4 protein chains.
Amino acid sequence: MALLVEKTTSGREYKVKDMSQADFGRLELELAEVEMPGLMSCRTEFGPSQPFKGARITGSLHMTIQTAVLIETLTALGAEVRWCSCNIFSTQDHAAAAIARDSAAVFAWKGETLQEYWWCTERALDWGPGGGPDLIVDDGGDATLLIHEGVKAEEIYEKTGAVPDPASTDNAEFQIVLTIIRDGLKSDPKKYHKMKDRLVGVSEETTTGVKRLYQMQINGTLLFPAINVNDSVTKSKFDNLYGCRHSLPDGLMRATDVMIAGKVAVVCGYGDVGKGCAAAMKQAGARVIVTEIDPICALQALMEGLQVLTLEDVVSEADIFVTTTGNKDIIMVDDMRKMKNNAIVCNIGHFDNEIDMQGLETFPGVKRITIKPQTDRWVFPDTNSGIIILAEGRLMNLGCATGHPSFVMSCSFTNQVIAQLELWNERKTGKYEKKVYVLPKHLDEKVAALHLGKLGARLTKLSKDQADYISVPVEGPYKPAHYRY
Amino acid sequence: MALLVEKTTSGREYKVKDMSQADFGRLELELAEVEMPGLMSCRTEFGPSQPFKGARITGSLHMTIQTAVLIETLTALGAEVRWCSCNIFSTQDHAAAAIARDSAAVFAWKGETLQEYWWCTERALDWGPGGGPDLIVDDGGDATLLIHEGVKAEEIYEKTGAVPDPASTDNAEFQIVLTIIRDGLKSDPKKYHKMKDRLVGVSEETTTGVKRLYQMQINGTLLFPAINVNDSVTKSKFDNLYGCRHSLPDGLMRATDVMIAGKVAVVCGYGDVGKGCAAAMKQAGARVIVTEIDPICALQALMEGLQVLTLEDVVSEADIFVTTTGNKDIIMVDDMRKMKNNAIVCNIGHFDNEIDMQGLETFPGVKRITIKPQTDRWVFPDTNSGIIILAEGRLMNLGCATGHPSFVMSCSFTNQVIAQLELWNERKTGKYEKKVYVLPKHLDEKVAALHLGKLGARLTKLSKDQADYISVPVEGPYKPAHYRY
Amino acid sequence: MALLVEKTTSGREYKVKDMSQADFGRLELELAEVEMPGLMSCRTEFGPSQPFKGARITGSLHMTIQTAVLIETLTALGAEVRWCSCNIFSTQDHAAAAIARDSAAVFAWKGETLQEYWWCTERALDWGPGGGPDLIVDDGGDATLLIHEGVKAEEIYEKTGAVPDPASTDNAEFQIVLTIIRDGLKSDPKKYHKMKDRLVGVSEETTTGVKRLYQMQINGTLLFPAINVNDSVTKSKFDNLYGCRHSLPDGLMRATDVMIAGKVAVVCGYGDVGKGCAAAMKQAGARVIVTEIDPICALQALMEGLQVLTLEDVVSEADIFVTTTGNKDIIMVDDMRKMKNNAIVCNIGHFDNEIDMQGLETFPGVKRITIKPQTDRWVFPDTNSGIIILAEGRLMNLGCATGHPSFVMSCSFTNQVIAQLELWNERKTGKYEKKVYVLPKHLDEKVAALHLGKLGARLTKLSKDQADYISVPVEGPYKPAHYRY
Amino acid sequence: MALLVEKTTSGREYKVKDMSQADFGRLELELAEVEMPGLMSCRTEFGPSQPFKGARITGSLHMTIQTAVLIETLTALGAEVRWCSCNIFSTQDHAAAAIARDSAAVFAWKGETLQEYWWCTERALDWGPGGGPDLIVDDGGDATLLIHEGVKAEEIYEKTGAVPDPASTDNAEFQIVLTIIRDGLKSDPKKYHKMKDRLVGVSEETTTGVKRLYQMQINGTLLFPAINVNDSVTKSKFDNLYGCRHSLPDGLMRATDVMIAGKVAVVCGYGDVGKGCAAAMKQAGARVIVTEIDPICALQALMEGLQVLTLEDVVSEADIFVTTTGNKDIIMVDDMRKMKNNAIVCNIGHFDNEIDMQGLETFPGVKRITIKPQTDRWVFPDTNSGIIILAEGRLMNLGCATGHPSFVMSCSFTNQVIAQLELWNERKTGKYEKKVYVLPKHLDEKVAALHLGKLGARLTKLSKDQADYISVPVEGPYKPAHYRY
């Protein structure tokens, strides 16, 4: 795909796979709107006052139908938006087309190369001569990373004249990042500083990105305020858990049509994502084995009737392996060699280094047979036995299926809208320093409340007397900060 | 699609969507083989003796990857095979291509018109001048129906010279059947008699087809022996139950991406299919309401914590409706008008008359918006509210997804192979009269046994003493005929 | 306990533990009536016409609260009743007291010796000089057995003058049976013949008793008609399955207070009882392993995510063992020696020979520590490691808890009432020969229907058109005989 | 029961129901030890160094078998212990007897009056002239309350000479508290001050007690350091959740033998306790309806397929009602009047004011029929319809069954031991101020780790490289403080 920016008739930039899919995307968008009451409520509540009037928002987050409803919620509130995906396989091309045609500048397609991925990210951050975005919606932290690395490089360049050397790292992806920054330095040695200066803040979607932010906060290197959306209860305990419970079997079925009942499924990691995955596999009739490092999570798995063992214990008897850890090097090529023929190996954690794809790709004599896009059989030369890798080791629910369903994403994305509003509204008050914040509980409860009506639920109301008895306001928030749900 | 028969270089006839998908089909076939231990065992056990040498087998059964493994098991045992699908939407085009290229005459593609459907059925039954097939593998009974109706028409024609009048029926599909028979009479007034005379028997796959057979047996009109494969335990209590438990959510997810958790799902009918569907919905986090006519099945639903109500009670509050009854007129257009906006309505029973598609299509002012193939939003003019119909009211798991997974189909299809072998081996012994038979229990148990190893199971062996104590042979069968499992 | 028959003020015979518990029994009986709509409907429907007027009914069936409601239904319909329990531990003494005081002659208490058990059985069958009962309600077939063995002995005695020799058998219990018969011969050498001649028939409650009946039918030795109540769908698929799902954890909790979550539970046998037990253990958070001889049942277990192994594979790692097979010698003392310290071993099948209690009791040096009645720790001398045996190897749900709950027993017992009515009403028509019968499906459906209202269910009604389409009457029955539910 | 303190031969004080049950208690204690690996590990790890040498510990916590193992762990570590129960129905008399005979001063029996209850509490706090205990193990906070109220009264008395007036409150229980304090003032006006001065701190077991502590911390009235054991993950997410999942059905079954399957169960509150209760009811086959005030918890319930309504919506159609809220006035007498005949109403929250027992007891014409202890049927005069109240509205799992099983209590109580050690070891360092603390995460993880081996689990170990990648120590703790599990 030639990396040329295109323009709509109205002059808005984009780069998508196939603009003719815009109508299809629009139809699915309309379906999704009915399933996303939180976002639609935001449009109703905030739309008339146009709170984002004048705000430029850059998003780096899976360009799906659900994200499209988020984007159009941001624009309905007055924002201008540029968007890229945060995963090379996660874009739904019809969603990208609909948004590119109707609402925002989109740079995303399913099946980007890493080179293309970072080009898209750069495009989404590039708002022209006036600097970058006012706000970032980030997922995994790549947009945030690029700015931080850019600023760091510009500082070194200013002091020493040295530019980043892509050859200084083994990591293929980081080489690309350094190249982009190096090339940027040539055209504008203050590019990332300008971005940083303009930026009001970022709201981060996922566990992995949040970890990076807290690390930067600890190191004192965080350049702008950040809201940790992931740790809203209505995000991490819903999207991560119930979303994956839905999308793991969806991805497995679409990619392999395999019968889950009767199989042995190994779920590596029993955090929120792992809990959702294990529940899904158990419910579908699989026998589930969990691997864990944390004794508390391990004990939770046991209480649900799941077996807790090490990967080594079960590597040769299981049928399905799912990594959910957020850590790296979970399933190595040497593990894969011990697996049964046609064992399925997939990852639903944010990054693709949970599975040792590099080890697999470079294993002497290994043969890759692509069954269909995102479903590959890798055959080892000695045994002639193969394993099935989904989505090339990346997020299988987005690579092989369509990610999480609209309803649960409505919870997550309503948090995003509220976080963006919060950053923007307080941009001049100094409320938010260069730190990581979570949303206050009353907003978390509000997000939940917006999603009850659609499911026909009726809440009980506290009397004043009862509220006093348990020392909470009648209208909430109802729980202390440390409450675990 | 022009209805012209094509030929492979080896001269075998076929009509499929796209022969270039044959390689893709072959890859998926190879994956499926690993998941179908029963069929692969048949190849190993019976292949060397070529028991089907000289047998012509016609199949009318969803032309999927799993069926492809069945077909190649039949050919591996020596048979010649011609095949069509038994549903206009159920063909997987890559499976059809692979089989057409490599193994058998296939007439099937996804998205046939009814006209095309019956043309394919006729092609599959047409073995040239020497009469029809020796054996039929039927699913729903359409191949069997055509022969029975053909013979009936030929008898009338012989006696009275009258030919069938398509205008004599309102049923659009039956008009096509009559037309085919009428046209056949012109070219060969003994065509179906020749078929009948040659036919050794039929093995029938599904509840609906079996009902038709028993009806014909009661009426004394059955023209050849039939084996009821559906009521093998390893078929009806596995494929119908666990197959649907897998494929209902699969179809829902692929068609609509809707979040099942939190929704109200109405399952009409709580037979084996309904039990699988209700279990799937419950496990995915839906609240399930069952409708039933049979008090025993209703009480079973209640024991599982499901609510039992009438459709009328819940029509306006539910989100997902699934028909599984095998009966007709379950959800009428007047019901659909009362549903919530974007309620999903689908059928997983054999025939498409469970949902009143005709009533919907002819409703004044109704508007059909095709989101994507097999997913339509129908909007009523008065309310501007719409419902989502999957697979045009036909089997949604085959129309919107890929049907049941290989492993459970291996159980069903191993029964088919055994039934076909039984009919063929006993073709001259008179063992099977013009009646409907079920396979003996020891074969049923054998089918199950062939599927245990793949799942790592180890059976306990009875001692002679224990076997005597409960009055069964050490090697089985272990249960009386009336045992319900 | 001195075996002396006592009499109420009204002159009715009884022998129970403690008549002062009658009030308590009555209160629980009244609670149970609300939970047993089927039996209460029988009282309403049939009570006024007193169909059992003149009928003597002997019951040998666990003397629980639920059975008490059955007994009072029989008396409400006009019968005279004598009752004993069919298990030495299953009597609820307050239930026995209430019935003895108010309604029928009862001979039963919790913790009978085997000697006492058979004395009670004999008392229940002894209606005085005029012969035995007209009808028997049997559970496990001990009352039926006694009559059959008695008749056999009387025939030999008549021919040869020989009386049964208790020393001719090793089986301690059968020695008692022979002694009773021998002693009976002395007082009346036609006692059992008279019983046989009067007897209209028996209705049998459970799988084990039914097996005995079919065996006698095959051997041609069955002396009177029998109705197999066990295989009514509303019995075996409800009581056996849902009853055990309820009462297994109940028994485990009352006997041991052990936490089930996290434990490994081995369920031996995956029939209806085993399915209920496995479901209960899985739901409570145990990891369940099934042992099976039947490949079909094994495959069902696998489809539910349960592991299928042999006892040997898991004997040393599991925490809870439950036998449900109806066979003997399932867990032998050599297995028990390999178990973990404080492994729990229990039986929920009808007879106590599933667990090798004799092997355990006679194991050299073994020590029995009674924690409380029905809960014993047996310590092996070499390892000093112990296992926990519940209810001395007998039905643990009745020995350690109160058996199945009222609602599900109402299904079973309504079948019993209907079976007894059927036998009695047809006693002169010759409808029932000396064979085993099951109730017709329309009565089975009726039993279910009587239980729906209590649970708030609403059935759908077939239209005439729909009924014709699937070839069933509008009012049912709705399924063919072979339907498995 | 005459309130006279008795003494063992060794001179230790006690007051229990029946000392002859001590042997039985000892046998059950020995079984429990095998199920409580955390406590037994504490004995092994800390026993030799006798860290509690010289410490006086008073406990106010359900005097069950599991608590007995806790007490003997404290004494094994060198402590002297006095104990009372924190609920009038929760004592297991055999446990109390065994401990009273062998290990500690116990004042507790099942079925105390409120008067007796507070007498026991006072006895447990009374260590003689030298002041009170060094440490308190509290559950619900009654021991802590007594001291705080006592100190308050002494201060007023010192200033004004006024003594507390029991007539100043309507609350019957608080009248007793005031009477005790008033009487104490007469004998020693510094009694509670001495206690306070000696006290090192309290560790509190449950949500309700913790709420009281935080309230006192906010008000600045907390008199000594407190460790909040409840909010250790290994307590609140295990005991509260999995404990109640086990003990709710246990209590229901023992109290009523009711069939849970098919029933409608209303769970008021969906916190940890409510989640466990709802899961238990759902798994047992009930249809579960949740009432909630908190939209987040409500949305969680919906995601599990549970219906969320108000009590008013369902009061007349449900069969079982369980309160789990920690709030008051959840089910009022006017609600009860609308319920179905024999609806079961019970509470599993700490205090008995969730159910309006006072309203029920004083309802004109209401009739109480005691089925058996802790199971009462209350009949309303107008309808003659009754409801079943369990445990007089108090904790039904402890009143009607035996509370939570040993394994999960081992988690909770290991936290207690660690908390007590922490308070004692740091008693002179000033580490703990007059505030509420939670245990650090590494201790929480340790508690979990101690319970894995018993369940056969094997943890995965992080490599150094992986640990660095996610920024945690190789040996943990593995999660940030805000992690919700």
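These residue numbers are counts, starting from 1, taken along the chain as shown.
Glycine is no exception: its Cβ is also placed from the backbone N, Cα and C atoms.
Residues C:Thr64, C:Asp139, C:Lys235, C:Asp239 are recorded by TrEMBL as substrate binders, and the candidate that the same record lists for that site, out of C:Glu33, C:Glu204, C:Glu205, is C:Glu205.
Ranked by CA distance from C:Asp239 (substrate binding site), the binding-site residues C:Thr206, C:Thr208, C:Ile348 have C:Thr206 at the top as the closest. For the pair formed by C:Asp139 (substrate binding site) and C:His404 (NAD(+) binding site), distance between Cα atoms is given as 14 Å, rounded to the nearest Å. Those residues noted as binding substrate (C:Thr64, C:Asp139, C:Glu205, C:Lys235, C:Asp239) have their most widely separated CA atoms at a distance of 17 Å. A helical conformation is recorded for C:Gly276 (NAD(+) binding site) in the three-state DSSP classification. Burial estimate for the binding-site residues (C:Gly274, C:Gly276): highest at C:Gly274, by number of other CB atoms within 10 Å. When the CA atoms are compared, the binding-site residues lying within 10 A of C:Lys235 (substrate binding site) are C:Thr206, out of the candidates C:Thr206, C:Gly274, C:Ile348. The Cα of C:Thr64 (substrate binding site) lies closest to that of C:His350, out of the binding-site residues C:Asp272, C:Gly276, C:His350. Taking Cβ-Cβ distances under 8 Å and a sequence gap of 6 or more within the same chain, the neighbours of C:Asp272 (NAD(+) binding site) are C:Ser236, C:Lys237, C:Asn240, C:Leu241, C:Cys244. Taking a C-beta cut-off of under 8 Å and a sequence gap of six or more, C:His404 (NAD(+) binding site) has these contacts in its own chain: C:Gln66, C:Asp239, C:Gly243, C:Cys244, C:His246, C:Ser247, C:Asn397.
For C:Thr206 (NAD(+) binding site), other Cβ atoms within 10 Å of its Cβ number 25. Here the binding-site residues are C:Lys235, C:His350; the one with the fewest Cβ atoms within 10 Å of its Cβ is C:His350. Comparing C:Gly276 (NAD(+) binding site) with C:Glu205 (substrate binding site), their Cα atoms are 18 Å apart once rounded.
In sequence order, C:Leu61, C:Val137, C:Asp138, C:Asp139, C:Gly140, C:Val229, C:Asn230, C:Lys235, C:Ser412, C:Gln416 are the residues of the chain that are 6 or more apart from C:Glu205 (substrate binding site) and have a CB within less than 8 Å of its CB.
All protein chains included, C:Thr64 (substrate binding site) registers 26 other Cβ atoms within 10 Å of its own Cβ.
Within the same chain, residues at least 6 positions away in sequence whose Cβ sits under 8 Å from that of C:Thr208 (NAD(+) binding site) are C:Gly140, C:Gly141, C:Gly326, C:Gly349, C:His350, C:Phe351. DSSP assigns C:Lys235 (substrate binding site) to a helix. Taking Cβ-Cβ distances under 8 Å and a sequence separation of 6 or more, the neighbours of C:Ile348 (NAD(+) binding site) in its chain are C:Cys244, C:Ser247, C:Leu248, C:Gly251, C:Val273, C:Cys277, C:Val322, C:Thr323, C:Thr324, C:Leu395, C:Met396, C:Asn397.
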